[in-house]
Amino acid sequence: MRAQLWLLQLLLLRGAARALSPATPAGHNEGQDSAWTAKRTRQGWSRRPRESPAQVLKPGKTQLSQDLGGGSLAIDTLPDNRTRVVEDNHNYYVSRVYGPGEKQSQDLWVDLAVANRSHVKIHRILSSSHRQASRVVLSFDFPFYGHPLRQITIATGGFIFMGDMLHRMLTATQYVAPLMANFNPGYSDNSTVAYFDNGTVFVVQWDHVYLQDREDRGSFTFQAALHRDGRIVFGYKEIPMAVLDISSAQHPVKAGLSDAFMILNSSPEVPASQRRTIFEYHRVELDSSKITTTSAVEFTPLPTCLQHQSCDTCVSSNLTFNCSWCHVLQRCSSGFDRYRQEWLTYGCAQEAEGKTCEDFQDDSHYSASPDSSFSPFNGDSTTSSSLFIDSLTTEDDTKLNPYAEGDGLPDHSSPKSKGPPVHLGTIVGIVLAVLLVAAIILAGIYISGHPNSNAALFFIERRPHHWPAMKFHNHPNHSTYTEVEPSGHEKEGFVEAEQC
């Protein structure tokens, strides 16, 4: 009886399995079955529609944050519990996310404890302060979005500011942020902000840092590595809490890359002054849920227009950018990079229209090279070693405008700046005034050196009585000595004073 019941259950289970399996088409064989399996595997790498934040991910799957293309990537878990490398293209960089079980996560971590001590420096000011940033000079040129940088700014808030112009809104754009948050290294003596530079890689490590007012959640240890070839690596050693649970009320919380360009415009309030406007032209945002203990992210740079050094290679490039050659600047660009101010000032957008490289070679109008001293970032810059950061307010007139295609960008087509004409009479007047001042100075020097000359006696005899008498006396140990006589009082002697 038991054997019959067991056989009946087995038949029922087999029938249910057949009912749940997909229908097998006519002519199906084992070869087609393997091909169907391979097709399903390939489909696992295709783009899928964006999932809303309210959706719950299915077990065995993970999700990468959206890129600028507006989609997401979903990956499956392999049978050996290893995770496929999550790869995404962000136009300027290809990002790869390695989970805690990946060997690459350990290989990409730079252990400063075993590194050459002469190359490791602990920044004492940043390690004992909150909301501070300090400028550091690299030993090599680091290409960031195609721009070679030699100076960066390390901030206590878990990010590196990559801009040239320091301002109070460093958290807004132009950053390399492994984990930007309200960290306070000054809370604990064990918290340090250190950096390492061996000529091929520059590493910044935030070691055992605590969140402001959330110290009970534990310490964070992570690093950002800038490689000489342009690669950027984020390594996470200790992440005691979910990044999504970190409050952004007092400080932005984000991870990724960002760059922007600066435009100088005349201020509508004060026509004589200029307003600096920052336009963010690209950003890479990482999914905060992927930032866990012993995880890593690697950004590999993609070719940009700026790398082309000739007109032929520029116009024949197969990049996703619309590269154009500006002969007057001798530069290849899409028009949207840190040199956009020059691109607009010299009319490069109009120059490239309808012209070929042969036209540039024969055109003598563009034979003169531009002034090499011109920089789109001319202006007052902060040179102090530390800078207070306040992402909520700003002391200057710098604004942040997220760039949208064709919105809000001024188009300066004229390469020349207009100003009031300088008349010849003004120049002559200035020259005469300079000559008059020079003559007075020379006369004074002569009189001081020859007090008994006719000229000196002439001025002394005709000076008003209420003027103080100025007498000059040479002393071997001091440069100049003066004697000042108050009006109405005559006295002998002099007062010595060393000229500073």
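A Cβ is built for glycine as well, from the same backbone N, Cα and C atoms used for every other residue.
Swiss-Prot lists Ser34 with the feature O-linked glycosylation site, giving similarity to another entry as the kind of evidence.
Annotated N-linked glycosylation site per Swiss-Prot: Asn81 (among others), in sequence order, evidence recorded as sequence analysis.
In sequence order, Asn198 constitute the residues six or more apart from Asn116 (N-linked glycosylation site) in its chain with CB-CB distances below 8 Å. Taken from Swiss-Prot, the feature N-linked glycosylation site covers Asn116 (among others), and the record attributes it to sequence analysis.
Secondary structure at Asn190 (N-linked glycosylation site), taken from DSSP and collapsed to helix, strand or coil, is coil. As annotated by Swiss-Prot, N-linked glycosylation site applies to Asn190 (among others), with the evidence given as sequence analysis.
As annotated by Swiss-Prot, N-linked glycosylation site applies to Asn198 (among others), with the evidence given as sequence analysis. If you draw a 10 Å sphere around the CB of Asn198 (N-linked glycosylation site), it holds 16 other CB atoms from the protein chains shown. Mapped onto three states, the DSSP output places Asn198 (N-linked glycosylation site) in coil.
According to Swiss-Prot, the N-linked glycosylation site annotation covers Asn318 (among others). Just so you know, the Cβ of Asn318 (N-linked glycosylation site) picks up 6 other Cβ atoms within 10 Å once every protein chain is counted.
According to DSSP, Asn322 (N-linked glycosylation site) is assigned to coil rather than to any helix or strand. Marked as N-linked glycosylation site by Swiss-Prot: Asn322 (among others).
Among the features that Swiss-Prot reports, region 'Disordered' is placed at 22-72 (among others).
If you look up Swiss-Prot, you'll see 360-379 (among others) marked as region 'Disordered'.
The feature region 'Disordered' is assigned by Swiss-Prot to 399-420 (among others).
Marked as region 'Disordered' by Swiss-Prot: 481-500 (among others).
Here Swiss-Prot flags 1-19 as signal peptide.
Per Swiss-Prot, transmembrane segment is recorded for 427-447.
Geometry remark: Asn318 (N-linked glycosylation site) versus Asn190 (N-linked glycosylation site), CA distance 51 Å. Of all Cβ atoms in the protein chains displayed, 12 besides its own lie within 10 Å of the Cβ of Asn322 (N-linked glycosylation site). Straight-line distance linking the Cα atoms of Asn190 (N-linked glycosylation site) and Asn322 (N-linked glycosylation site), rounded to a whole number, equals 50 Å. In the three-state DSSP assignment, the secondary structure recorded for Asn116 (N-linked glycosylation site) is coil.
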